[in-house]
Amino acid sequence: MKLHDSRYTWQQTREEAFCVISFHVCLLCRFTSCLSFYSILNELNDYAGQREVVAEEMAHKVYGELMRYGQDLKAERKHHLQEGRKAQQYLDHCWKQMDNSKRKFERECKEAEKSQVTYERLDNDINATKSEVEKAKAQFYLRTHMADESKNEYAAQLQNFNAEQWKHFNNSIPNIFKNLQDMDERRTVKLGETYRSFAEAERRVVPIISKCLEGMVSAAKAVDERRDSAIVVESFKSGFEPPGDFPFEDFSQNLSRTGLDGSISNTPKGDRDRDGVPGPRSDPKHPMSRTKNKLWLFGKKPKAPSLEDFSHLPPEQRRKRLQQRIDELNKELQKEMDQRDALNKMKDVYEKNPQMGDPNSLQPKISETICNMEKLRSEIHKNETWLSEVEGKQSSRGDRRHSADNHHHTPQGRESPEGSYTDDTNQEHHTPHHRTSPPQPGHPNPDPHEFDDEFDDDDPLPVIGHCKALYSFDGQNEGTLVMKEDEVLYIIEEDKGDGWTRARKQSGEEGYVPTSYVEITMEKNSKGAVTYI
């Protein structure tokens, strides 16, 4: 083995399986180009193994180490930047204190000047009393004293700020930048070490990779075009001899040689052919006749017929394609069944309320839907028969039909093309002996089992809202619910677009009511909002 690491990954397993397949193919065809390709695949597998060794070392020693070191540097850099911000904030604080003391000193000096002017004015005024002069004098002395104190405080704050500023720009900031510089230098050194680790990993696999490349070159040199051509000739030579020369056909042999009567023979052409020598193309033993329609190299190859049952595919692929087609047909059949039920319900509503529409206008669409259902059932039966042949057993048609009809809530029976149900699974693809007559206008003839299976659940459906009857409804059809005007019902299933809403009375009776006959209020939180007892 040329691999340093004996562990095999799923990629290597896949590559080895592909190499084994290629090897068997090469043994069959024996072409030197295929054998060389197999050798190159083997060398490429070893080459890929060495690249994987390098990748693993890069992931652990280079990438992983750099990621951990990068996190440490990130935390250290954040610490240094925080120290710099703290030093700058402290210097700003000292400057604000100095500036405030400066402004206070300036303000106190202006107040002292004002008190001095007031004292001098009163002292020179002969009309001012002695008490006013004494009061102005005391105010002058007080302001002067406060100005002196502000001066001393300003001087102290100025001295402190200058000291802190010198320390900030000569000690703190240089130290912070020095730490950041050291950190960056250590980062650079670490990068150099990882670069060296990568180069060392590449250097260790270079000898093996070189051997792999030498093996590829040797395999390429082993390709022998003459030998491959000989194999092709031996495999595809026909064994036919080259066609011979065409013989001369003398069409004048039946002419009269005497020239006395100047007439020609009235022998029919077919007789002449039978009496004479046939042409080369009509001779079945002629080489050109034998090779006709056999040489596809320079002619048009006939197209393979399109097989509806996928018999041209392998068994497993054929089974999957047939199963896929059956599933698609079942979905289409379910759509047609839903459409037929919706049309029947709409027709029922039109018959009860002629002002809403003409029920006879829906009959052509219903008939078309039933015809489509019958066609789909026939297609499903045909494809299931093919599927049973593939699986090697005859599947039960009734079970599959039962599984398909479960989505339409018909567990008790099977639906016939005319909209009725039957429990006989042997008649699934045959027209029933007794057909139901189409419904007459004004006399609905609904499916007798249309609503039966929808109420076979053991647990009642949860209440999702309530409604109030705006009009009375007699509910003559099976599956509908009788209601009176202003009667309050529970909603257990919303209108699905067919104009009917499933409701429940307080007595527990359930059925469908026309959506346009009721005023519906849906609960925001159906769980626990209304409880059915």
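Glycine too: its Cβ is placed from the backbone N, Cα and C atoms.
Curation does not apply to TrEMBL; its annotations are automatic.
The coiled coil annotation in TrEMBL covers 102-139 (among others). Sequence-distant neighbours of the coiled coil (102-139) (same chain, 6+ residues past either end, Cβ-Cβ under 8 Å): 146-147, 149-151, 153-154, 157-158.
Taken from TrEMBL, the feature region 'Disordered' covers 244-298 (among others).
Here TrEMBL flags 253-268 as compositional bias 'Polar residues'.
As annotated by TrEMBL, domain 'REM-1' applies to 312-389. Mean pLDDT, taken over the domain 'REM-1' (312-389), works out to 87 on the 0 to 100 scale.
Residues annotated as coiled coil in TrEMBL: 319-353 (among others).
For 385-460 (among others), the entry in TrEMBL reads region 'Disordered'.
According to TrEMBL, the feature domain 'SH3' maps to 462-523.
Mapped onto DSSP helix, strand and coil, the domain 'SH3' (462-523) counts 3 helix, 29 strand, 30 coil.
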